[in-house]
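> TrEMBL lists these features:
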- 22-249: domain 'Laminin N-terminal' (DOMAIN)
- CYS345-CYS354: disulfide bond (DISULFID)
- CYS400-CYS409: disulfide bond (DISULFID)
- CYS430-CYS442: disulfide bond (DISULFID)
- CYS432-CYS449: disulfide bond (DISULFID)
- CYS451-CYS460: disulfide bond (DISULFID)
- CYS479-CYS491: disulfide bond (DISULFID)
- CYS481-CYS498: disulfide bond (DISULFID)
- CYS500-CYS509: disulfide bond (DISULFID)
- CYS527-CYS539: disulfide bond (DISULFID)
- CYS529-CYS546: disulfide bond (DISULFID)
- CYS548-CYS557: disulfide bond (DISULFID)
- 818-891: coiled coil (COILED)
- 1045-1054: compositional bias 'Low complexity' (COMPBIAS)
Amino acid sequence: MKKTNPILPAIAAVSQAQTDCSRGACYPPSNDLLLGRAHQLHASSTCGLIGSEVYCTPYLQLKMKCCTCDSQNPNTQLAHTVQDVLSTSGPNRWWQSRKEVSPVTLQLDLDNLFQLDHLVLNFKGPRPNALVIEKTLDKGRKWQPALYLATDCQKAFPGVHTTAPLTMDDTFCYTLPPAGANPYQDHTIEFNPLRQYTYVPAPNSQKIEDVSGLTGLRVRLTELGDVPRLPGRALSRFYALKEMKVMGSCMCHGHANRCLPEAYNNPLSSAIQVNPLCDCQHNTAGVNCERCADLYNDLPWRPAEEGNTHTCKRCDCNNHAQRCRFDQAVYEASGRRSGGVCEDCMHHTTGPKCDQCAPGYQPNPRSRMDRPDACIRCICSAEGTVNGGRCDDSTGSCLCKVNVEGPRCDHCKRGYYGLSGSKPLGCSKCSCFIDGSLSDVCDPVTGQCPCRPHFHGLNCEVCSKGYWKSFLSGRCEPCSCDSTRSYSDTCDQETGQCQCRPGFGGRRCTECPENTYGNPLVGCQPCQCDTEGTLPEVCDKKTGACSCKPGVTGTHCDTCSQGHCDSFPACEMCPSCFFTLDAQRQNFSLALERFSSRFPSRPGGAGDLGNFGPRILALESSLVLIRNSVSLPPTTAKQINDALSLLDKLRDQVDKANDDLSPLVRTPDLDSDLNKLKALLDSLTVMYEAKKDAMTNIISPTDTGRFSAIKNAYDQSTDAAKKVEASGNTMNKSADVREETMDLQNQVQPANTRDLDKLNQNMASRPDLTPVAKQVCGSDRSEPCTPLQCEGRELCPPEGTTTCEKQEQMCVGALPLSKRADADAKDVKDQLNKLTRNITDTAEKLQEVQDATNQVRQSAEKLSNKMKQTRDGLEEDLKETRDIVKELKDFLSDPSSNLTQIQEVSDWILNAKLPLSLAALKKKLDELKSLSANLPDSTAVLKEAEPQLDMAKKLLQEAQDARDTALSVKADVDELLEGFSSVEESVSGLEDKLQNITDLIHNLNDSLTKAMDQLAPAEKALDDVSTLIKPMKPQLGKLKDLLQKADQQAQDAQENAGKAEDEAGAANEDLLSLEKLLDRLKDQAAASGTGGEAGPVGDRLAKLQQDAGTLANTTENMTNALEDKADTLRLLQDEILEKSTRLDGLDAKLKELLAKLRKKAKDLSTCQG
């Protein structure tokens, strides 16, 4: 078919894909981006998605053909989905929109950035009158037009330039060439995004960067194409696209000459799609080569240009980094020569270019900075040095912080701890408690001070649990709380007071409560003391003796002691004479002390614990050492744990003995228990030493490698031995199986040989294949035929021999029967194809009838609307006419109207000529009334056609069902042949039904045509009435303007008349005064009798009288003239009223006609179809 000239020549973004990327920008070759992406192409309208639709197009000359579109199943030939526009869809496939639907959008979502070279749109149906090609760079969030196309750009896209753009930001509308005589022929439109910017002074690479990139493409079809009009029916208008090609490649910004191949894994398609991933060159990276590679960011990234690759430059990282980043500030500071900053420097280097040693490392004097061993570990500690572990470049010595020492500055000075880089002085000073620590030197790492016994805490300032610190001694002493008389074995850390149970007191809870004494187990008694003369403890807890204050004495501390002579409780010091007696008392006291010193001490005093303590401690330390050093068997470990438990019990006994005041009684069995423990310890020690020596020999530094090699060799040897042993078992089993197999073969083989020989002998005489051949291939052979011997004619007839014709009644053999069935199937298939074509034609005609019915309904509605508009116009004109007539009547009947104006209006009415005589207007109205009465009842026509359409649809459905039944016949050969006979009968019946459908369709077409023919004259008559009445409107307008002007002049005249009346009144008053003056003058003249004066006065009076007479005559003449004018105006008024009466009659007739038209319009508007 003839195609239109392309609007844009098919020139790629680059004339030929450059394969040499070394000279400048290079681009991958173009391919169809649609391939493999059919599921990403969408259309806003597709025919036949919700039901079949019929489309009619021209056929030959003044004919048309109608086709069905049914896209509910996209795999059928009647489907026209958007996926059919792919170049791989095959011939006779296209996409088609629904009829009369506009605008329609075709959208391709690419999901990645691609470069568009050109777009090819091959339209099948009428080419659109206007369309817009749009693209998106943000995956559909925002679309921008790339090109407008229209047959009339000014009409379709007003405001869009029609000249070629001169900048890259401009867009323009391309004027499509004429579609030609046949708008339904194929038309091809090609779009090249670069071609329209030919006159823009910019490099080709820049144009590609600015206009070729896209992540989605959209074609908006905004106006349906024009189609010719055929007599009696209308052609279908729609959009149809036969093929769409989106030629492009991966977007690489001029840095790649190919896209990396990638097989598309969509199971619905086997096509190979264009991969968005570029094979980047010029040291670039990324999906679209949109950035420099990791180690090539010394210059900013730029797209390649003609003659300049803009290759990314490698950062100078001295071979110590694998990536770098571009820093604009560094780039500007270097004079725009280098902006790379190395990241993740390796080999203990640092700096923007990895040209410095990291903290804790120093330059290697035996290497270079670009080698892996450029920096060696520095001996200085980073935490303990003032410069972060750097060594002095000249001396190599370390500069320690104030509280740090050592050649490497790696430990704290004596009395300091906690080396840390965050501490300005390096270490913190120890703060040991003097009374609780053994020294002022703490652990250099943790700061823990060496605590005395029963002290703990970081600074040894707290007593251990069960001890308290005496204020006087400063040492931690045991609480020694009574276990049964106190709540716990802990006491107050400052006072040593235990928490006593009720009924007990004292520091250790071994005494009675305060102000009582005695044995708390038996019962405490209240102290019989005067509390004013006692100390805080009141009395002795055991004896109850009162504890008197100094200067107080007595059993109850209620009297002053010797030397104090004042009354109780003051008890002031006695005079000096008392001291003589006191000296004598002291002598007696000394004698008592000497006497008490002769008493023997208690046997086995406190602290005499024998030698049990040291032995227990030695045993305990040895057992702990063994347990922590050697991994022991479970039994041995249990023995050690039991021994340690026993030692804990012994220690508790020792502690209890220390606290007990009574002499320690030696336990008879204690020595034996200790001896047993000593023996067990000796045996464990021997075992420990043996294992230790063995481990030392094994893990000797010089033999480690040998031991590992020997162990590996031993493991491999063991594994090999196990495999050999396993394979030996397998070999033995294999030999046994082979032997059993040979025995079985010797037993079975002779019998099998005999059976085989017997079978060969039998096959020479049987089975006879001749009967089978007769059943299979219809053979007429009579001689026997066996597998080993078959002489004579062939078993089956030769290929091509006709053994079973259709007309034959007898047909033998499965093969002939199948061939006959195949021939019958072909015949039925041909008939079914013919039937399908007939059904399709009938469906198209049925669709035409449906369209015609819709057209009749639309025509009726159009006529109804037009009648309504005409009725509204007539009513408005009549209303305006009535208003003008009423205004005219009011004007003529108004007594204040000016006679001149009345004369002017009357003359205009008499001279005015109506555009149509009254008789002609009545004739047209009568014609319209007659046509209105004879209008066809479209409701009846459509109701009459509706059952016929339903019957046609039903018959058509029956035909389709019968066709489907014929296609679904599947059975054995005999049933199939019988089925074919029934199918032939069904086909004949279907043809009859289709003929009936055709007849019904013709009848419906005739009825609808008649209805259309009758509607046309009514519409024409209505137009004629409107044409006749239309010229009256200007005349009525002129009359209305004239009346308005006359009304205004009447108002002005009324105002002037008022003024004249006022002036006449004033003149009348003047006249009366003149008459009075005249009378007075006459009287004066008669009374004076002087002749000389009477002459002039008489003349003046005569002249005044003459003037008064003249004025009276003039007034009378004007009055007569006005009366004549009034008569004339009365005649004109009567004539105008007569004409108004005639207009009133015409108004009534028009109202009657409008009422009939309104009723007919209502009937037409309520028809159903």
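Cβ coordinates come from backbone N, Cα and C, glycine included.
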> Between CYS400 (disulfide bond) and CYS345 (disulfide bond), what C-alpha distance do you get in Å?
27
> Spatially speaking, which of the disulfide-bonded residues CYS442, CYS449, CYS498, CYS539, CYS557 is closest to CYS509 (disulfide bond)? Use C-alpha to C-alpha, please.
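For CYS509 (disulfide bond), the closest Cα among CYS442, CYS449, CYS498, CYS539, CYS557 is found at CYS498.
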> Using all protein chains in view, find how many other C-beta atoms are within 10 Å of the C-beta of CYS451 (disulfide bond).
21
> Which residues in the same chain, at least 6 apart in sequence, have a Cβ under 8 Å from the Cβ of CYS491 (disulfide bond)?
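Residues satisfying the criterion: GLY466, TRP468, CYS479, CYS481, GLN497, CYS498, GLN499, ARG507.
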> Restricting to the chain of CYS546 (disulfide bond) and a gap of 6 or more, list residues whose Cβ falls under 8 Å of its Cβ, or answer none.
CYS527, GLN528, CYS529, ASP530, GLY533, THR534, VAL538, CYS539, ASP540, GLY554, THR555, HIS556, CYS557
> Near CYS430 (disulfide bond), which of the disulfide-bonded residues CYS409, CYS449, CYS451, CYS500, CYS548 can be found within 10 Å, Cα to Cα?
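Within 10 Å Cα-Cα: CYS449.
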> Between the disulfide-bonded residues CYS354, CYS409, CYS451, which lies closest to CYS442 (disulfide bond), Cα to Cα?
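The smallest Cα gap between CYS442 (disulfide bond) and any of the disulfide-bonded residues is with CYS451.
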> Take the Cβ of CYS529 (disulfide bond) and count every other Cβ within 10 Å, whichever protein chain it belongs to.
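The answer is 25.
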> Need this for a regression test: disulfide-bonded residues CYS354, CYS460, CYS500, filtered to those with Cα within 10 Å of CYS449 (disulfide bond). What's left?
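Correct set: CYS460.
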> Using all protein chains shown, find which of the disulfide-bonded residues CYS345, CYS400, CYS409, CYS432, CYS449 scores highest when you count other CB atoms within 10 A of its CB.
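Of the disulfide-bonded residues CYS345, CYS400, CYS409, CYS432, CYS449, the highest Cβ count within 10 Å belongs to CYS449.
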> So which disulfide-bonded residues out of CYS345, CYS354, CYS409, CYS432, CYS500, CYS548 end up within 10 angstroms of CYS451 (disulfide bond), measuring C-alpha to C-alpha?
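The disulfide-bonded residues close to CYS451 (disulfide bond) (Cα within 10 Å), listed in sequence order, are CYS432.
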> Would you mind reading off the Cα separation of CYS460 (disulfide bond) from CYS409 (disulfide bond), to the nearest angstrom?
28
> With every protein chain in view, how many other Cβ atoms are within 10 Å of the Cβ of CYS481 (disulfide bond)?
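Taking every protein chain into account, the count is 23.
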> How many neighbouring Cβ atoms, not counting its own, are there within 10 Å of the Cβ of CYS498 (disulfide bond)?
26
> Rank aside, I only need the closest one: which of the disulfide-bonded residues CYS409, CYS432, CYS500, CYS548 has its C-alpha nearest to that of CYS345 (disulfide bond)?
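For CYS345 (disulfide bond), the spatially nearest of the disulfide-bonded residues is CYS409.
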> Within the chain of CYS354 (disulfide bond), which residues six or more apart in sequence place their C-beta under 8 angstroms from its C-beta?
CYS317, ASN318, HIS320, ALA321, CYS342, CYS345, MET346, HIS347
> Compute the C-alpha separation of CYS500 (disulfide bond) from CYS548 (disulfide bond), stating it in Å without decimals.
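If we compare the Cα positions of CYS500 (disulfide bond) and CYS548 (disulfide bond), the gap is 26 Å.
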> For the coiled coil (818-891), what is the mean per-residue pLDDT, to the nearest integer?
72
> How many other Cβ atoms sit within 10 Å of the Cβ of CYS500 (disulfide bond)?
21
> Between CYS409 (disulfide bond) and CYS432 (disulfide bond), how many Å separate their Cα atoms?
24
